[in-house]
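Student: Please find one structure pasted underneath; my questions will follow.
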Amino acid sequence: MKNVEAKQKEKIQNLKMLPKHIILVRHGESEGNKDTSAYSTIPDHKISLTEHGRAQARLAGSRLRDLISSHGSSQDWRVYFYVSPYERTRSTLREIGKSFSKKRVIGVREECRIREQDFGNFQVEERMKATKETREKFGRFFYRFPEGESAADVFDRVSSFLESLWRDIDLNRLNNDPSQDLNLIIISHGLASRVFLMKWFKWTVEQFERLYNPGNCEIRVMELGCGGEYSLAIHHTDEELQEWGLSPEMIEDQKWRINANKTDLNDHCKWYLNSFFDNELDSDEDVKEEDIDSDDDSKDIFLDTDS
């Protein structure tokens, strides 16, 4: 009985060290969003926000503060920011920051690995339009822009960032007091946010291809469930998740995560396993029969080739 109680106390203590929310925020409207010809004369990393984009960021800051203060277990909450080094994300953070007092912010880190996908250097508008049409035919995840990156390349560096993020949390490098709710806010870009979620929730390439880009200053809230798993379904509705491109199976998985324990993960996601393994083969006898049929087919093919 004492061992059970000790394990329960340890679990509660471990949960207290985890962030209450991990929130992804896309930057506000940029000059490039408003007029794509800007990319042909201004380096991508120097593209600034429009006035409307600054207003969007200020509104997002107010929404984030309200969300964190009203959905935590403690009123003594703190935030830690990670931000892409691009001008539009840094400016978005400056505007969002106006909604948070200094005592609430325990740190800010500029993080190059969550920067925008590299599309090459200066982008010639007509050529970029044709290139993006080719990407749609090839597939958005694996297509690599000439002199730039593919979404798969972005996935690799975002995966590296996630490993660092977990080390920061595990070793308490963020210097968070366990009695305070910690909230991580990551201000980045549309594609980087999508591959972050893809990596975190182990979505497939096929599932990624269905996802839509978040709008300017839209947020994606991953909230900690009671078992130590994060879920998008605590804060967001089914309708929102559908609008983002999540399938019914993906939404079901998000709901399962609300009460899931980390140790349960390997026993879940049968919908994922079924995409690779034939769920009609329930027994070893079924597999043996399949093997026999395959052997017969291969003999026929061999004979046909030989003749």
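Glycine is treated like the rest: Cβ placed from N, Cα and C.
In case it helps, TrEMBL gives these features for our protein:
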- Arg26, His27, Gly28, Glu29, Ser30, Glu31, Gly32, Asn33, Arg88: substrate binding site (BINDING)
- His27: active site, tele-phosphohistidine intermediate (ACT_SITE)
- Glu116: active site, proton donor/acceptor (ACT_SITE)
- 284-307: region 'Disordered' (REGION)
Student: Name the residues of the same chain, 6+ apart in sequence, whose Cβ is under 8 Å from the Cβ of Arg26 (substrate binding site)?
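Tutor: Same-chain residues close to Arg26 (substrate binding site) (Cβ under 8 Å, separated by 6 or more) are Ser188, His189, Gly190, Ser193, Asn213, Pro214, Gly215, Asn216, Cys217, Glu218.
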Student: Hey, of the binding-site residues listed (Gly28, Gly32), which one tops the CB count within 10 A?
Tutor: Gly28
Student: To the nearest whole angstrom, what is the C-alpha distance linking Gly32 (substrate binding site) and Glu116 (active site, proton donor/acceptor)?
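Tutor: Computed Cα spacing between Gly32 (substrate binding site) and Glu116 (active site, proton donor/acceptor) is 13 Å.
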Student: Let me know the largest Cα to Cα distance in Å among the substrate-binding residues Arg26, His27, Gly28, Glu29, Ser30, Glu31, Gly32, Asn33, Arg88, as an integer.
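Tutor: Across Arg26, His27, Gly28, Glu29, Ser30, Glu31, Gly32, Asn33, Arg88, the widest Cα separation comes out at 15 Å.
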Student: Can you grab the distance from the residue listed as 'active site, proton donor/acceptor' over to Gly28 (substrate binding site)? Cα atoms, rounded to a whole Å.
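Tutor: So the alpha carbons of the residue listed as 'active site, proton donor/acceptor' and Gly28 (substrate binding site) sit roughly 14 Å from each other.
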